[in-house]
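Novice: For 1-15, the entry in Swiss-Prot reads signal peptide, with the evidence type sequence analysis. Residues or ranges marked as region 'IgE-binding' in Swiss-Prot: 16-30, 29-34, 64-78, 65-73, 99-111, 102-114, 105-117, 112-126, 125-136, 125-139 (among others). Residues or ranges marked as disulfide bond in Swiss-Prot (evidence: similarity to another entry): Cys78-Cys125, Cys90-Cys132. The region 'Immunodominant epitope. IgE-binding' annotation in Swiss-Prot covers 104-115 and rests on experimental evidence. Taken from Swiss-Prot, the feature region 'Minimally required for IgE-binding by the immunodominant epitope' applies to 107-110, supported by experimental evidence. Feature annotation from Swiss-Prot assigns site 'Necessary for maximum IgE-binding by the immunodominant epitope' to Glu113.
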Amino acid sequence: AALLVALLFVANAAAFRTTITTMEIDEDIDNPRRRGEGCREQIQRQQNLNHCQYYLRQQSRSGGYDEDNQRQHFRQCCQQLSQMDEQCQCEGLRQVVRRQQQQQGLRGEEMEEMVQSARDLPNECGISSQRCEIRRSWF
């Protein structure tokens, strides 16, 4: 009789098994880290870091630029970088420097100034403590 009661108890418990389903609601759908977007897509989404390009171009020139305009490009560059994964920030900045070198034919001291500024941009923006690895020999 005790065996029959135990079997009934087990059968009854099995009949009332509960299934719990959890769902994660992704409210941050615009965040590239959540979408698993690659660097190329992130860079394109940020207009190829056009504000970083303007800012770095002004940084590499001695004088002859509007300081308010430069600050605005710096802020917008930081905004663009903040929307990207850390490793993509550096890749994007390498592309900016490469593009500037090709378009403007930068050499010597101007090129060195641009490379130095680009290396430190994520840190200067306060979005990363990293220093991007950008070598002049790559260009």
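Quick reminder: no glycine exception, Cβ is built from N, Cα and C everywhere.
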Novice: Distance check, please: Cα of Cys132 (disulfide bond) against Cα of Glu113 (site 'Necessary for maximum IgE-binding by the immunodominant epitope'), rounded to an integer number of angstrom.
Specialist: 14
Novice: Checking distant contacts: for the region 'IgE-binding' (125-136), what same-chain residues at least six beyond its ends satisfy Cβ-Cβ under 8 A?
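Specialist: Distant Cβ neighbours of the region 'IgE-binding' (125-136) are 74, 77-78, 81-82, 86, 89-90, 93-94, 97, 111-112, 115, 118-119.
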Novice: How far is it from Cys90 (disulfide bond) to Cys125 (disulfide bond), counting Cα to Cα, in Å?
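Specialist: Checking the Cα atoms of Cys90 (disulfide bond) and Cys125 (disulfide bond) gives a distance of 13 Å.
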Novice: What Cα-Cα separation, expressed in whole Å, is found between Glu113 (site 'Necessary for maximum IgE-binding by the immunodominant epitope') and Cys125 (disulfide bond)?
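Specialist: Their Cα atoms are separated by 17 Å.
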Novice: What is the three-state DSSP composition of the region 'IgE-binding' (105-117), stated as helix, strand and coil residue counts?
Specialist: 10 helix, 0 strand, 3 coil
Novice: Other than its own, how many Cβ atoms are within 10 Å of the Cβ belonging to Cys78 (disulfide bond)?
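Specialist: So the Cβ neighbour count for Cys78 (disulfide bond) comes to 18.
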Novice: Would you mind ranking the disulfide-bonded residues Cys90, Cys125, Cys132 by how many other Cβ atoms sit within 10 Å of each Cβ and giving me the lowest?
Specialist: Cys125
Novice: Over all shown protein chains, what is the count of other CB atoms within 10 A of the CB belonging to Glu113 (site 'Necessary for maximum IgE-binding by the immunodominant epitope')?
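Specialist: Other Cβ atoms found within 10 Å: 16.
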